[in-house]
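Working notes for the structure below.
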Amino acid sequence: MAASLPGPGSRLFRTYGAADGRRQRRPGREAAQWFPPQDRRRFFNSSGSSDASIGDPSQSDDPDDPDDPDFPGSPVRRRRRRPGGRVPKDRPSLTVTPKRWKLRARPSLTVTPRRLGLRARPPQKCSTPCGPLRLPPFPSRDSGRLSPDLSVCGQPRDGDELGISASLFSSLASPCPGSPTPRDSVISIGTSACLVAASAVPSGLHLPEVSLDRASLPCSQEEATGGAKDTRMVHQTRASLRSVLFGLMNSGTPEDSEFRADGKNMRESCCKRKLVVGNGPEGPGLSSTGKRRATGQDSCQERGLQEAVRREHQEASVPKGRIVPRGIDRLERTRSSRKSKHQEATETSLLHSHRFKKGQKLGKDSFPTQDLTPLQNVCFWTKTRASFSFHKKKIVTDVSEVCSIYTTATSLSGSLLSECSNRPVMNRTSGAPSSWHSSSMYLLSPLNTLSISNKKASDAEKVYGECSQKGPVPFSHCLPTEKLQRCEKIGEGVFGEVFQTIADHTPVAIKIIAIEGPDLVNGSHQKTFEEILPEIIISKELSLLSGEVCNRTEGFIGLNSVHCVQGSYPPLLLKAWDHYNSTKGSANDRPDFFKDDQLFIVLEFEFGGIDLEQMRTKLSSLATAKSILHQLTASLAVAEASLRFEHRDLHWGNVLLKKTSLKKLHYTLNGKSSTIPSCGLQVSIIDYTLSRLERDGIVVFCDVSMDEDLFTGDGDYQFDIYRLMKKENNNRWGEYHPYSNVLWLHYLTDKMLKQMTFKTKCNTPAMKQIKRKIQEFHRTMLNFSSATDLLCQHSLFK
């Protein structure tokens, strides 16, 4: 072994044989066990080691790490001679100061103890979070709390490719003694994620109480969105309340948290706790958003995004006496670098080419396991996003349980709901009266007196009721042979498959979701009746807006029917699945493994057309883009007024376009009807996985407060929007913040101006004027508080 002194930035690695392989280890000799020094702390500065551990818990560079034999935590001295071993006399001793051990945080090999053998670690699966581990968003002093970090999860036990999605978002702790009883008015649906329970105020802690002046709170939705002054006042008050609440959560003990051992239910009740205004820390989840996975690309753009996120954290911790102007704060956002079209196409092809299918054997042409790491950097976000987005738990709660000033303020939508909710609506496809005549949100109200077994039966009955059935029916009941013969697969997701067919001479989309079965579907557990019920009702509520009077729009995809069927997958659908797989490539498992008793939910939607992303080069002109923005803004504004709705995931894959012969499209907002030039296209909004809505005192939302992977994406403005939403609502996703709709409209406008090309160039004065208006819309829209505010006040829609 060479005896030269290491350079200042070099790292000492232990070698397990002589250089050039001239001398090999004796096969029968065991290595002596390594003993750590008794007192390591006296040799080092405690701040250096703590900083290293905070920077990356997964690294072995910490000199105080007892598990790293290369850095024993004390100055290097002469090695202890092993029994029977030889040490060359001419080998000089090395003296290495602790300063040389301050290495840059980066992924490194973890050396296992020699007595355990030197077998190579198995490669990570594509769905395994890659990159350095992150600290939990809660302060580390509460050792009894679970770490919400998704990357600490190990490999899935089931062995499926996406099987990790079930373990990524489940809590494994059991309730501690003395835990408060969960509130029955909150239903936590699913096993995918967890809702952090607020900690109670310690008995010995006394904080000064400050009363809030009711005059400073908005009295209606109009006042909440009418001007910048009221908006700033609302946000400052909400920020004060939330900082106190997060301070109370941090001050609790491990016994204050509510967890269930099965990971299915974790609930909180925050409104019954006494709110006191104090200097609370940052909200949960805010401390770790600045940590981003190492992608292997050290570029100025990445450093710029890190700096932008760091500035957001500094802004979030501004003292309460300092007022940050709302408009200036939003206009100074930093946009991450976007991928080129070539990069996006390459990533998509890699994703489709190298996905391991369930039950397939690896042949000589299969993707080699040792090359998984570069692929993980390419498709990590795509697969992780898919693995949890369709299996998010929906939180169903009462309005009083959501501590939001927006919620407690008098809402115009409350009176409108009572006026417009009890009328029969027309089926968009057939024109006949629909089987469901009014809202079904009341079905989500918790039944406090039911036991677990009765609750499960009740959920099944509710689903059957929405399907107008008494029990499951065969596939042939809703998909007769002539309908199946015309089926063509058009999409897929972790939830299942989407097919297109013809019903009554009209194209429709069929979405098939497996439920209540023991088999993993595409690596994830199947949904239950309890989990699928909110999905059905949300789709129905937004579809019903097409038949309302006071607030009406056809901008959300129409839901024609829902059925619960039982049986194995029909052969004609398998044939359509095979054709899609051979032409486009499928990332899903072939659905041929279901038994005869398998249950499915079959949702029939109107056919919405092609998504905006695929139409990026096919639109005629910027006038069409203006019509699309107008339709989207109007649809979101109507949903805000009627359902206090936030979409929260309106990327350009969730905007569908189809041709229409109508010259103008009609909508009604707060009783006032208006029209929009269609330019030959009708827009439909889809995918309500992350959405939030409220009706009849019931709030349904998706809690993503602990899902750090949602906020660490990179390479597109879309991922900045998730972080901006989190900053806007202080990571409290049950509250109503219509500004999130403005953020997504800004994202779509950005796409149209920078990543879409049009057949007709801006050569005429009229086209140039439209382009200037859209550019002005892009520059100024972040100063508006909601889609309703944009629609009514911005000059683009005048």
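Cβ from N, Cα, C; glycine included.
Worth saying up front: this structure is predicted, and the values here are computed from it rather than measured.
Feature annotation from Swiss-Prot across Ser143, Ser287, Ser340 places phosphoserine at Ser143.
Among the candidates Ser74, Ser147, Ser179, the residue that Swiss-Prot annotates as phosphoserine is Ser147. When you go through Thr97, Thr128, Thr373 in Swiss-Prot, the residue listed as phosphothreonine is Thr97. Secondary structure at Ile490 (ATP binding site), taken from DSSP and collapsed to helix, strand or coil, is strand. Most buried of the binding-site residues Gly608, Gly653, judged by other Cβ atoms within 10 Å, is Gly608. Cβ-based neighbour count (10 Å, all protein chains) for Val494 (ATP binding site) stands at 20.
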